Amino acid sequence: MRIKGKNFDGEGGEEEEQKLVVGYALTLKKKKSFLQPEFERLACKKGILFVAIDVNLPLSGQGPFDIILHKLLGKEWSDIVEDYRQTHPEVTVIDPPYAIQQLHNRQSMLQDVVDLNLSDFHGRVGVPKQMVIMKDPLSIPDEVAKAGLKLPLVAKPLVVDGSAKSHELFLACDWSSLSELEPPLVLQEFVNHDGILFKIYIVGDAIKVVRRFSLANVNKCRRAKVPGIFPFPRVSSAAASADDADLDPRIAELPPKPLLERLSKELRHRLGLRLFNIDMIREHGTRDIFYVIDINYFPDFLLTFKKK
């Protein structure tokens, strides 16, 4: 039974205070990055106990839990978690499967950003012009021309399923190379952003922003000299950190706090999520024009929040 304060045994001795129990169901990769020894020790000092959920046993027979934290794919698991949410309303589930699902599709994940109007909150936030290609690579140049998208374009797999392939991004610099891409995919106009990306980590009401190195600006001359398709470097790891780099202050300046707070609040409400991150860039030559280019559920954020 969970009670506040301390318990006493039958002989008058003081027992350990009851902990907040967090059941977790994570992939091996996520468990390794999330449940690091230092973090578990800190959680224990704060009265938080992490308990592994056995996915081979009925979830309703495990626990009791105060919170369930999960990041597993598949309809079967989603159905299990959703059923548990309905029958155990006293348990906080982070996050509802139906809310997470919308971030598995790059066509739908940014729609809530498109619907926002933050023009009066210390800046403007939008989404780069983009389109979806479902099939027939040979038709891509014509489809792009009809849609009015401008080169260069960032090519992203349509479905985000946790695999390495779903995170492979490419930059297409000329029309003929577009037919080499593999649908289904999203094509997004590349916005020059001075090689800096802002990763905005959101955990409930808490917000943490870090800088990551990204692609350098691309001009017409450079595109003409380097045609083809090129892989994007990964910017999610700490190795790509630009927080300690000697940057032009105008480039390094973080997005305004009031803007981030409003954006975070709106997306938490619209997405129905508590644990996610936003990838944002500032348009080259501006101070207050930003674009959201990606949203990810349950990112690797712990080391980021521990940094001071």
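Each Cβ is built from the backbone N, Cα and C atoms, and glycine gets one as well.
Small disclaimer: the values here were computed from a predicted structure and weren't measured.
Noted in TrEMBL for the protein shown:
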type    : residues                             : note
DOMAIN  : 21-100                               : domain 'Inositol-tetrakisphosphate 1-kinase N-terminal'
BINDING : Lys30, Lys71, His167, Lys199, Asn296 : 1D-myo-inositol 1,3,4-trisphosphate binding site
BINDING : Arg106, Lys156, 188-199, Ser214      : ATP binding site
DOMAIN  : 122-301                              : domain 'Inositol 1,3,4-trisphosphate 5/6-kinase ATP-grasp'
BINDING : Asp279, Asp294                       : Mg(2+) 1 binding site
BINDING : Asp294, Asn296                       : Mg(2+) 2 binding site
Counts by DSSP class (helix H/G/I, strand E/B, coil) across the domain 'Inositol-tetrakisphosphate 1-kinase N-terminal' (21-100):
36 helix, 19 strand, 25 coil
Do you know offhand how many angstrom separate Phe198 (ATP binding site) and Asp279 (Mg(2+) 1 binding site) by C-alpha?
6
What does the structure give for the C-alpha distance between Phe190 (ATP binding site) and Asp294 (Mg(2+) 1 binding site)? Integer Å is fine.
13
To the nearest whole angstrom, what is the C-alpha distance linking Asp194 (ATP binding site) and Asn296 (1D-myo-inositol 1,3,4-trisphosphate binding site)?
22
Would you find the one among the binding-site residues Asp194, Asp279, Asp294 whose Cβ has the most company, meaning other Cβ atoms within 10 Å?
Asp294
Considering Cα atoms only, can you say which of Lys71, His167, Asp294 is the nearest neighbour of Gln188 (ATP binding site) among these binding-site residues?
Asp294
So of all those binding-site residues, Lys30, Lys71, Asp294, Asn296, which one's Cα sits nearest to Arg106 (ATP binding site)?
Asp294
Same-chain residues at least 6 apart in sequence whose Cβ lies under 8 Å from Asn296 (1D-myo-inositol 1,3,4-trisphosphate binding site):
Leu103, Val160, Phe276, Asn277, Asp279
What is the total of other Cβ atoms whose distance to the Cβ of Arg106 (ATP binding site) is within 10 Å?
22
Largest pairwise Cα distance, Å, within the listed 1D-myo-inositol 1,3,4-trisphosphate binders Lys30, Lys71, His167, Lys199, Asn296?
20
Using a 10 Å cut-off, grab the number of neighbouring Cβ atoms around the Cβ of Phe198 (ATP binding site), all chains included.
22
Roughly how many angstrom lie between the C-alpha atoms of Asp294 (Mg(2+) 1 binding site) and Lys199 (1D-myo-inositol 1,3,4-trisphosphate binding site)?
10
Measure the Cβ-based neighbour count of Ile196 (ATP binding site), defined as the other Cβ atoms within 10 Å of its Cβ.
20
Could you say which of the binding-site residues Gln188, Asn192, Ser214 has its Cβ with the most other Cβ atoms inside 10 Å?
Gln188
Distance between Lys199 (1D-myo-inositol 1,3,4-trisphosphate binding site) and Ser214 (ATP binding site) at the Cα atoms, whole Å?
11
